[in-house]
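> Sharing a structure below in structure tokens format, with a few things to ask.
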Amino acid sequence: MELYNLTAHELKTKIDNKEVKVEEVVQSYLNRIEKVDSKVGAFLYTGSEEAIKKAKELDNKISKGESLKALGGIPVSIKDNISVKGMQNTCASKMLEGYKSPYDAHVIEKIKNEDGIILGKVNMDEFAMGSSTENSAYKKTRNPWDLDRVPGGSSGGSAAAVAAMETPLALGTDTGGSVRQPAAFCGLVGLKPTYGRTSRYGAIAFGSTLDQVGMLSKDVEDCALLTKNIAGLDHRDFTTADIKVPDYTQFLKKDLKGKKIGIPRECFGEGLDESVRKAINEALQVLKENGAEIEEFSLPSLDYALAAYYIISSAEASSNLARFDGIRYGHRTKDYTDAVDIYFKSRDEGFGKEAKRRIMLGTYVLSEGYYDAYYKKALKVRNLIKKEYENVFKRYHAIISPTSPTPAFKIGEKINDILAMYLIDAYTVPVSVAGLPAMSIPCGMVDGLPIGLQIIGNYYKEDDIFNIAYSYEQSTEWHKMKPQL
């Protein structure tokens, strides 16, 4: 079997047992990228030389009898909005074309400290704004299950790279579903941790009260391994929590006896594809058989979550992206007459259509006369959603819903239908608005396309999510399915 077919924990075992060299593992993935990425389009930059150099260093350590750390020799690919020292960090935007990061993000420091190997930077929707990775200024990324379909977004490059077996692990960012939805579309495990569980230091901001670094992997154990080793307090991000990070691999048990799971009626109404509904219902039956108690409940505020999310996230984006003006940061136009002209033309040339749309919306809702009517009201809705979830979690260990109302859609199908594109995130957005942790795991196939099951946990209770996800995974075969490229 080719090394790229293996999971991260299988590779780690082989490396630790000296069955394979780290350089062989890295080379296997570099060869795979060379073979299939012209079809998939996941990578914006491959750090081949750096990766091979690091692999040789680790092999040298092993030859001296030293043990590697928790991520020893495992390649990880990084969404192109997370800073890796010396590598490009473009946010898939012309605004940051040619920019190389002078420092490592906190999560990258942790990967490097645990002997992980950074393989390269992967494609995304510009500034993480989108649900299909069609908003990249550089290339289209395709779904490895069907090259005519989107991989999801905004972390579509991360998901496509793992699904195409170009990398065993990938980091993305999740603001409103940008890790979970691509995981669902590409048949992967994707986790958005609790807001504050992972540091945002070094991740270029979109919506500062929503953004969270997330993980994509082939199975639940790989996700637990990566999460355990990148989560935790960082004094450079004051929103990170000083709460001990457990060893999530200890919660990978099949038995769900005593676990209570709630099913929100609002997530099973109009707009849900019947094939997705069927797959979710079958998954719930599996969890019941494994000992979980399951009951329906109502979460009325979910109907307002999408509107609140787009107001809050766009407001924060308009503020965060104001710095890219051609004067201090970002692309500067070559054709200008004065300073004001530089602002207008640089931003017009540097930002794509969706980024401009959200900046304009955000500026509008923050402007005098509209602040109270929109932004302030959205914050009130956010508090209402949080309170409803807090009450629900007094009764349940977890909540389950579909990750997305449909499987992956065709490239170009929704790009001009903004409402349809935004509705794709209807089930992931409320979780982000509340700051809760959630994971998408594969739970079925329809017409050759994967379907995702979303497991939502209480604040800092990722352990419950891992337990339920692992229980389902061990009772099914969906995580073993691989696309034919």
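Each residue, glycine too, has its Cβ placed from N, Cα and C.
Just so it is clear, the model here is predicted, and its values are computed rather than measured.
OK, Swiss-Prot features for this one:
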| type | residues | note |
| --- | --- | --- |
| ACT_SITE | LYS79 | active site, charge relay system |
| ACT_SITE | SER154 | active site, charge relay system |
| ACT_SITE | SER178 | active site, acyl-ester intermediate |
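For each listed feature, how buried is it and what is near it?
Classification of LYS79 (active site, charge relay system) by DSSP places it within a strand. Residues within less than 8 Å, Cβ to Cβ, of LYS79 (active site, charge relay system) and separated from it by at least 6 positions along the same chain comprise LYS121, VAL122, MET124, SER155, GLY157, SER158, ALA170, LEU171, GLY172, THR173.
Secondary structure at SER154 (active site, charge relay system), taken from DSSP and collapsed to helix, strand or coil, is coil.
A sphere of 10 angstroms centred on the C-beta of SER178 (active site, acyl-ester intermediate) encloses 36 other C-beta atoms.
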> Report the same-chain neighbours of SER154 (active site, charge relay system): residues 6+ apart in sequence with Cβ closer than 8 Å to its Cβ, ordered by sequence.
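Correct list: MET124, ASP125, ALA128, MET129, GLY130, SER131, THR133, ASN135, GLY172, THR173, THR175, SER178, PRO182.
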